[in-house]
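Worksheet for the structure shown next.
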Amino acid sequence: MNLKQLAGEYAATFVKDGMKIGLGTGSTVYWTIEKLGERVKEGLSFQAVPTSKETEVLAQQLNIPLISLNDIQSLDLTIDGADEIDSNLHLIKGGGGALLREKIVASSSKELLIIADESKLVTHLGTFPLPVEIIPFSWKQTESKIQSLGCQTTLRLKNNETFITDNNNMIIDCVFPHNITNPANLHNHLKMITGVVETGLFVNMTSKAIIGTKNGIQEL
């Protein structure tokens, strides 16, 4: 069993009967969703909000009952992955392009459970490029303003074409030369730029992290 599968399947044990949960996106959460599909067959009853079309399709294939955030007040738990996790449980997310919906769902949850393998643990955020979701209109001007914060930027592509999010936006991936020492401050500065929709910095949102290591599960 690989480390992503180890963490992902373990996280499924946190889902209890009657819960309303958020389901994240990515290669680690895939294993959680697969395991939850097995538990549904065994009689577990819960409802889920998907954070992407990709997750929605997988959940439907496994007969996991889906609901809309518009129909409920809050979620009991969201299970999601991360691209980087620092010692304060601040995150970089959005490598898969679903950061806006992931943040909306996470902020609607009483708890955010992050799952990852040990390679995602870092001292400081920023080795992994920070995704920033922007609107397409006048995107070059928005990118220029982002660059003024001291980073190198790349417009995200997929199959040699501009990557478009589930919300019909674009993503700028940002590399800061000296890592990100104050994620909250950077997030606030980015959000003040007109044209920026959301950032991949998840600050003070994580309740617990489940890390798959060579020695087993580590809870942070």
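Backbone N, Cα and C define each Cβ position, glycine as well.
Taken residue by residue with DSSP, Glu102 (active site, proton acceptor) is part of a helix. Annotation source Swiss-Prot lists active site, proton acceptor at Glu102.
Taken residue by residue with DSSP, Ser27 (substrate binding site) is part of neither helix nor strand, so it is coil. The Cβ of Ser27 (substrate binding site) has 14 neighbouring Cβ atoms from other residues within 10 Å, across all protein chains displayed. Among the features that Swiss-Prot reports, substrate binding site is placed at Thr25, Gly26, Ser27, Thr28, Asp80, Gly81, Ala82, Asp83, Lys93, Gly94, Gly95, Gly96, Lys120, with the record citing sequence analysis.
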May I ask for the distance between Asp80 (substrate binding site) and Glu102 (active site, proton acceptor), taken between their Cα atoms and rounded to an integer number of Å?
8
Express the distance between the Cα positions of Thr25 (substrate binding site) and Glu102 (active site, proton acceptor) as a whole number of Å.
8
Write down the Cα-Cα distance for Glu102 (active site, proton acceptor) and Ser27 (substrate binding site), rounded and given in Å.
14
Around Glu102 (active site, proton acceptor), which of the listed binding-site residues (Lys93, Gly95, Lys120) come within 10 Å, judging by Cα atoms?
Lys93
